[in-house]
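According to Swiss-Prot:
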type: CROSSLNK; residues: K87; note: SUMO2 cross-link
type: CROSSLNK; residues: K268; note: SUMO2 cross-link
type: DOMAIN; residues: 39-119; note: domain 'KRAB'
type: ZN_FING; residues: 199-221; note: zinc finger
type: ZN_FING; residues: 254-276; note: zinc finger
type: ZN_FING; residues: 282-304; note: zinc finger
type: ZN_FING; residues: 310-332; note: zinc finger
type: ZN_FING; residues: 338-360; note: zinc finger
type: ZN_FING; residues: 366-388; note: zinc finger
type: ZN_FING; residues: 394-416; note: zinc finger
type: ZN_FING; residues: 422-444; note: zinc finger
type: ZN_FING; residues: 450-472; note: zinc finger
type: ZN_FING; residues: 478-500; note: zinc finger
type: ZN_FING; residues: 506-528; note: zinc finger
type: ZN_FING; residues: 534-556; note: zinc finger
Amino acid sequence: MANSSFIGDHVHGAPHAVMPEVEFPDQFFTVLTMDHELVTLRDVVINFSQEEWEYLDSAQRNLYWDVMMENYSNLLSLDLESRNETKHLSVGKDIIQNTGSQWEVMESSKLCGLEGSIFRNDWQSKSKIDLQGPEVGYFSQMKIISENVPSYKTHESLTLPRRTHDSEKPYEYKEYEKVFSCDLEFDEYQKIHTGGKNYECNQCWKTFGIDNSSMLQLNIHTGVKPCKYMEYGNTCSFYKDFNVYQKIHNEKFYKCKEYRRTFERVGKVTPLQRVHDGEKHFECSFCGKSFRVHAQLTRHQKIHTDEKTYKCMECGKDFRFHSQLTEHQRIHTGEKPYKCMHCEKVFRISSQLIEHQRIHTGEKPYACKECGKAFGVCRELARHQRIHTGKKPYECKACGKVFRNSSSLTRHQRIHTGEKPYKCKECEKAFGVGSELTRHERIHSGQKPYECKECGKFFRLTSALIQHQRIHSGEKPYECKVCGKAFRHSSALTEHQRIHTGEKPYECKACGKAFRHSSSFTKHQRIHTDDKPYECKECGNSFSVVGHLTCQPKIYTGEKSFD
């Protein structure tokens, strides 16, 4: 552009997301064109509200500043004697430096109220500007009046046909008695007095010039968001001419009754309305499950196809969903972004934090419909419900045994693999289950944290305490379905049922003899190994069965077991 400006030199670095906070005085940058009529920058300024400004992208905001600068330059160029003149505006006393013509800078006594405009800040007592940033700062009120009124010159970019003879100028402008050489020149000159706004909108009665850049604000009435649709051939919503603008006013728009959101096409209403009416139009071809949104169906179908498109670059593990990969990567990075506000414990996954916080709140939102027992975690309820249904979905591929829980299957499989990942630091004994190690360590520590409230006896294990308490209560919850006999322990019922089935699962590898009970099998094996772990303190003799040791003191005392 030919002229530098109060904004033009400093806006193209990076258009800001926040609209500039500037308000023009009523007579700001007013140019006296023919000693009579004033053309002000306000006549040609394009105003945006905050909401409209946010819809513009960086390219559109740059274009906005270009249009503003061009309009301002056009006003200045109307009365210059030379097109090569240089004008420079700066903040302070020397506001305008000009060569070739005389200019006067004056303070405006009146501020305009441009409601809804992006130029909002009061100009009074504002004179500072940050020339380094993209935002427009505050400028002094000023009015530029031309003392020299040279002959009329058109805009630099406008090329008009010239007539060589003065007699060939039939077009006369009555107000100034100026004669022009052609109708185009005459029309363009008339726009000086009308602000260059020959096109009027029949919806809002706003006027526009032929410059298509002025159409930036035409989306105000329709709610069309700039740079979102490409129906009009050129870039986004910068419409070519006034006819396109009129078309928008006449175009039918479709509104979602529930959400009060407006759409340009009826096809765009349907997906949003499905959210309100609960319709599920997208059905999975594998399992028949339906979804309201197609993206949800696509995500779901990865379960059936076993498609895993997201790979961890650290360990190569694949995942179906990006969120799963993100959570997994925190294992490698050690990141735990979710912190408990009660105990400051941290977690990798937000769902873990939510479940943990229920320990502090006591919330148990998942209740069993069969027995009413409540749980703080959904998966605990799922495991519990299998007690009522008898469902055991996890099967051991080695022996065919089935389990209700995946963790039980994992522990069982270690019997076949011999894996014992949990090792005691005191005696280096290894265990296949972590809870077994915890119980074992209490042998070394002597800890017995579980106390019977009836007799005060302590136990290392909760299961031992529960079994003991049944002695006081007489409870025998495990009943044989064949003969009706009841037992305090589930293991006792299991061994009893083998009497009816004839099952003897414990077989001696040395002689092939089979046993119903593991204790009987252990005693028998000591015959082959000659193991005698029970020693008499009186005589030093050892025995393979503890019962023989119990009878030994009677030999020394002469006590008779039977009368």
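Even glycines carry a Cβ here, placed using N, Cα and C.
The stretch from 282-304, 310-332, 422-444, 450-472 that makes the most Cβ contacts under 8 Å with the zinc finger (478-500) is 450-472.
When Cβ-Cβ distances under 8 Å to the zinc finger (338-360) are tallied for each of 366-388, 394-416, 422-444, 450-472, the top count falls to 366-388. Over the zinc finger (310-332) the predicted model carries a mean pLDDT of 90. Among residues of the same chain six or more beyond the zinc finger (450-472), those with a C-beta under 8 A of the stretch's C-beta atoms are 439, 442-443, 488-489. Note on the zinc finger (310-332): residues 299, 302-303, 348-349 of its chain, located 6 or more positions outside it, place their CB under 8 angstroms from a CB of the stretch.
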